[in-house]
Amino acid sequence: MRLTVGALLACAALGLCLAVPDKTVKWCAVSEHENTKCISFRDHMKTVLPPDGPRLACVKKTSYPDCIKAISASEADAMTLDGGWVYDAGLTPNNLKPVAAEFYGSVEHPQTYYYAVAVVKKGTDFQLNQLEGKKSCHTGLGRSAGWVIPIGLLFCKLSEPRSPLEKAVSSFFSGSCVPCADPVAFPKLCQLCPGCGCSSTQPFFGYVGAFKCLKDGGGDVAFVKHTTIFEVLPEKADRDQYELLCLDNTRKPVDQYEDCYLARIPSHAVVARKNNGKEDLIWEILKVAQEHFGKGKSKDFQLFSSPLGKDLLFKDSAFGLLRVPPRMDYRLYLGHNYVTAIRNQQEGVCPEGSIDNSPVKWCALSHLERTKCDEWSIISEGKIECESAETTEDCIEKIVNGEADAMTLDGGHAYIAGQCGLVPVMAEYYESSNCAIPSQQGIFPKGYYAVAVVKASDTSITWNNLKGKKSCHTGVDRTAGWNIPMGMLYNRINHCKFDEFFSQGCAPGYEKNSTLCDLCIGPLKCAPNNKEEYNGYTGAFRCLVEKGDVAFVKHQTVLDNTEGKNPAEWAKNLKQEDFELLCPDGTRKPVKDFASCHLAQAPNHVVVSRKEKAARVKAVLTSQETLFGGSDCTGNFCLFKSTTKDLLFRDDTKCFVKLPEGTTPEKYLGAEYMQSVGNMRKCSTSRLLEACTFHKH
């Protein structure tokens, strides 16, 4: 018995010992100097963290790849990486993600990006398109400003074969310094810095090293960030001896970097594991560290200073750190163009050499949409391919990342897509089948009306006494069902607690344990897709018929689901006069009077895509509409007809309006709608919107 008790006590003690590492964040250092700073970081954090709080430990490796592998294997937990390494860290099997971003500028105006620039000596006479045969200085192999961006720009000028990339670059320049390159396999890449040393102890490594290579090492051009020359040469007279190469093959003074840069690059990021990554612990440590050891906070230890070298653990020019939104992975953090540049380089592909006759990958939201899309793909003879996602935001993200190319969105989601960099391509048109006139005139369709519908029998309900009623919505962040009515309510109640304003409701996409999901009935309750029976226009109207007091829909919804137009059991006996509209002035009107009794006019649903894919989407969709846009669907495939309701496109679409080239989301949605959605931003629960606007402080 005594032995058993002793064993239990030992196990308990061991359990306590094993529990401690759960609160320990192991920071990975890539050099002796970094490890020395990390140890100082660790020791100083002990003095400011609570006794029961997180702890910092240091793990020393010899390179960034080794640290990335260590974090992936849980031997370490965090480190700061340049964008090029963030890409590598995000790939399988590493599966790391950004959890915090360095920012520059100031606390009031934080910048989570910097400019990649090409610096040359004043008095030389070549431009960006004349770099072949010159001597180049780079921050490091695979790094953003020093390699990924400049080589991405020069990629199609490299002689074939372009793989391995290092060999092609060796042939392009007469000599280079590319730290971290293989000096045996690619000796010309190490001509200006013998050995190509891959740590901050090497004289030509990193931003300062690349500039030193230009200044003192025989280089003709240095690829660095815009602040490098200001850090190295604080005197304007010294800086005036250098210039920037611009994309339009001109030159500008180094202080005009905002008008003369190669690319805008996301700042360095702290990365952690995607799963079980200790994100909260990491941020708790970084938050406290900034408060006590940030810029100008302490003389004993400074987070953003490197007495033993340069840019140790963090960049010395960083002003602080911001937490990255939880939805943001490495692709959203870096951006599609950046990721594509890396991928093209690694695969040895030159995009300029191909004619865009590729299929358009359409994003489908549910099993029913996927079934219709697959049918479309077959009958289109492969011009359309299909990609699936669970939610509209998942689809938008896939388009942003290049996994899909297009989908149709209502105004609310088109706003989010626009904030993520997508553009409107073609608009649905509901008035007539002659889309030529608005297309030729370059005008946008008028739009539809957002209305509030109630049962005619509930005579006491008005727009002014909706508090405590049961509400039915098409979905969170959708135009008629959410943004417009909730925006109007917000202006009245001045808070975002809509689940306290209504007693119950169904708002697909809202928090599932909320009262605004109480009325939902789908197999995947409150999901923002067709797995929720009350999703969308028809779903919200059905919610009103079966459970609710008010439904927020489009003006055609009642007309499309009454007088026998919808044969479903719940709708087949409904009459138009069974329902009325709530007017904002507190009156009610018949549903046919929507033109004089509506909440607002909404932009028509619109097809969105990435900028570089927009022309192809427009061309394919135009040809597909010619073939399958008619109304004779007997035995034929029709774009604008569905087995249920509004699959891929709205069923009442007559044709597509081609939008003028260069149409931005702001132009299409209109200033009034942009403002109303912008006002709702403080109430937004969209994780994707949060991620896409992170770099737009």
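Cβ atoms are placed via backbone N, Cα and C, with glycine included.
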*Among Tyr448, Tyr510, which residue does Swiss-Prot name as a further Fe(3+) 2 binder in the site formed by Asp410, Tyr537, His605?*
Tyr448
*Determine which of Asp66, Asp77, Asp82, Asp316 appears in Swiss-Prot for the same Fe(3+) 1 site as Tyr114, Tyr207, His268.*
Asp82
*Which one is it, Cys11, Cys58, Cys67, Cys137, that Swiss-Prot ties to Cys28 with a disulfide?*
Cys67
*Intrachain C-beta neighbours of Cys520 (disulfide bond), sequence separation six or more, cut-off 8 angstroms*: Cys506, Pro508, Cys526, Glu532, Glu533, Tyr534, Cys543
*Within 10 angstroms of the C-beta of Arg42 (dimethylated arginine), what count of other C-beta atoms is obtained when all protein chains are considered?*
16
*Where does Cys198 (disulfide bond) sit in the DSSP three-state scheme?*
coil
_Cβ atoms near Cys655 (disulfide bond) (within 10 Å, other residues, all chains)_ = 22
*asked:* Please identify which of Cys28, Cys190, Cys260 has the densest Cβ environment, defined as other Cβ atoms within 10 Å, among these disulfide-bonded residues.
replied: Cys28
*Those recorded positions, out of Cys28, Cys67, Cys196, Cys472, Cys496, Ser684, that come within 10 angstroms of Cys177 (disulfide bond) at the Cα*: Cys196
